[in-house]
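Colleague: Take a look at the following structure, please.
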């Protein structure tokens, strides 16, 4: 069946959460937001493109940092209200220069840092 | 450092997105929402507990279906506005009885169903 980005369910701000997962390691890298046009751009260009809520503009991941996400597979969930993109991640996904944004764990009530920033 | 669920960032409805990932296979299973109390309950009980937006009540995953999510690791992201729970998933995570909610892909402009419901 043909896919129309408008078939997904967007919140009152016109956005849908998108989870990025490393297609090789399986690591969950980050979560950000897309609007329908960002979904279309991601599929057209194979460059994962979010909508930046703070800048109110398209955010082609890695366009300035070089830490691009090449789309490997685009999936969405049973409720059509969440996206999962499998990606080839160049460098760090996180703006702190860590591979993933999810580098803090809570264990026995304490926060634990799981990884250090990558070396440049 | 001690962890306080209130240190996370919740949206205007008091909710934060939580991604569940199978701790063994690495498969992303689902995304749902927690409030601060659901976060506390998840950590206390090791049973992943969401906030159901449709029912406006706590949702101990699998309480009625038996498809529980045992917490293996609780993580959050650099912006403190998204949670990743690594879980041991019993049975299907999806209400359609599929292992994961992300069973639809978009390939060459067409939707593709990646898996069938599990047999009962």
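Each Cβ is built from the backbone N, Cα and C atoms, and glycine gets one as well.
So TrEMBL has the following annotated:
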- A:30-103: domain 'Phosphoribosyl-AMP cyclohydrolase' (DOMAIN)
- A:77, A:79, A:81: Mg(2+) binding site (BINDING)
- A:78, A:94, A:101: Zn(2+) binding site (BINDING)
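Can you walk me through where each of these features ends up in the structure?
Modeller: Listed in sequence order, A:8, A:9, A:16, A:17 are the same-chain residues six or more apart from residue A:81 (Mg(2+) binding site) with CB atoms under 8 A from its CB.
In the three-state DSSP assignment, the secondary structure recorded for residue A:101 (Zn(2+) binding site) is coil. Sequence-distant neighbours of residue A:101 (Zn(2+) binding site) (same chain, 6+ apart, CB under 8 A from its CB) are A:29, A:30, A:31, A:93, A:94.
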Colleague: A:78, A:94: which of these binding-site residues has the highest Cβ count within 10 Å of its own Cβ?
Modeller: A:94
Colleague: Give, as a single whole number between 0 and 100, the mean pLDDT over the domain 'Phosphoribosyl-AMP cyclohydrolase' (A:30-103).
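Modeller: Mean model confidence (pLDDT) across the domain 'Phosphoribosyl-AMP cyclohydrolase' (A:30-103) is 97.
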Colleague: Check each residue in the chain of residue A:79 (Mg(2+) binding site) that is at least six apart in sequence and keep those whose C-beta is under 8 Å from its C-beta; list them in sequence order.
Modeller: A:9
